[in-house]
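As recorded in Swiss-Prot, the features of this protein are as follows:
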BINDING   49-54, ARG131, SER139, TYR194, 228-233, 256-260  3'-phosphoadenylyl sulfate binding site
BINDING   ARG107, THR108, HIS109  substrate binding site
ACT_SITE  HIS109  active site, proton acceptor
MOD_RES   SER139  phosphoserine
MOD_RES   SER254  phosphoserine
Amino acid sequence: MALATGPGKQTQLREVEGVPLQAAIVDNWGQIQSFEAKPDDLLICTYPKSGTTWIQEIVDMIEQNGDVEKCQRALIQHRHPFIEWARPPQPSGVEKAQAMPSPRILRTHLPTRLLPPSFWENNCKFLYVARNVKDCMVSYYHFQRMNQVLPDPGTWEEYFETFINGKVAWGSWFEHVKGWWEVKGRYQILFLFYEDIKKDPKCEIRKVAQFMGKHLDETVLDKIVQETSFEKMKDNPMINRSTVPKSIMDQSISPFMRKGTVGDWKNHFTVAQSHRLDELYRKKMEGVSIDFCLEL
């Protein structure tokens, strides 16, 4: 099924088991599902606009023991393949991952039910970052405005409806977060919150390092905190997507690294929208004991 888009862009999403995805991903679905994970793979898992780039840089800095030069070896989007990524004729995320030596650090936005089965079968490590739904929606809205390969989001009012109905790329925020939360006790999953990393980055970075089996001294931890601050990353051309062509990401519309704050939703939501989403959250997340922070 193709989902309609706004008038500005001709991009359409198609669905896999009810989850909207970019057409190229759907066309490559067989290769994605048959992907062979390895037991020593670490998979970074996020819903879009939940701190993917941030946690990726943190993980890379930990892996490189805080060596900034080693983290400059390639653009961030090329260091750790995004497994479902597809844009022919370029190599797919699966092909890039297959060409990597072990141990591999990989990325995905897929919900649990669409993840290639080999990740579960090989008991891989998963690092999940969740962000509160209101800030996530705002960030995704601005990202879709500037991203030329995703559907036009329309007005904020229109996007609000699209998002709460799960008709955005990678589907429902509620299903995504709930799905990963519910399996975290059965697999090697470190479940983190964007807001906690913002509040106490050193504490959360230490958790990630321990999960990765890395012991870092305080000096290295402090360096990683400094190098992965929003301000540092926004000015880092290896991270800020400034090399991505305007035909793919038009940063004159909205920067890729926009604000990186907690509570920006208050600048976008009406009181009615906020109440409506609160009610929807209670209904959709019933039985899930997550208490998201909405402001710092």
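Just so you know, glycine gets a Cβ as well, placed from its N, Cα and C.
Features recorded in Swiss-Prot, as mapped to the structure shown.
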residue: LYS49; record: 3'-phosphoadenylyl sulfate binding site; Cβ within 10 Å: 23
residue: THR52; record: 3'-phosphoadenylyl sulfate binding site; Cβ within 10 Å: 20
residue: ARG107; record: substrate binding site; Cβ within 10 Å: 26
residue: THR108; record: substrate binding site; Cβ within 10 Å: 24
residue: HIS109; record: substrate binding site; Cβ within 10 Å: 23
residue: ARG131; record: 3'-phosphoadenylyl sulfate binding site; Cβ within 10 Å: 28
residue: SER139; record: phosphoserine; Cβ within 10 Å: 23
residue: THR228; record: 3'-phosphoadenylyl sulfate binding site; Cβ within 10 Å: 25
residue: GLU231; record: 3'-phosphoadenylyl sulfate binding site; Cβ within 10 Å: 10
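Close to the recorded substrate site, the chain also has LEU43, ILE44, CYS45, THR46, THR52, PHE82, ILE83, GLU84, LEU106, LEU110: residues not among ARG107, THR108, HIS109 whose Cβ is within 8 Å of the site's Cβ mean position. Taking THR52, ARG131, SER139, GLU231 as the recorded positions under consideration, the smallest Cα distance to ARG107 (substrate binding site) is found for THR52. Note: the Cα of LYS49 (3'-phosphoadenylyl sulfate binding site) and the Cα of HIS109 (substrate binding site) are spaced 10 Å from each other. In the three-state DSSP scheme, ARG131 (3'-phosphoadenylyl sulfate binding site) is classed as coil. For THR228 (3'-phosphoadenylyl sulfate binding site) paired with SER139 (phosphoserine), the C-alpha to C-alpha distance reads 19 Å. When the C-alpha distances from SER139 (phosphoserine) to the binding-site residues THR108, HIS109, ARG131, GLU231 are tabulated, the minimum falls on ARG131. THR52 (3'-phosphoadenylyl sulfate binding site) sits 9 Å from HIS109 (substrate binding site), counting Cα to Cα. Reduced to three states, the DSSP call for HIS109 (substrate binding site) is coil.
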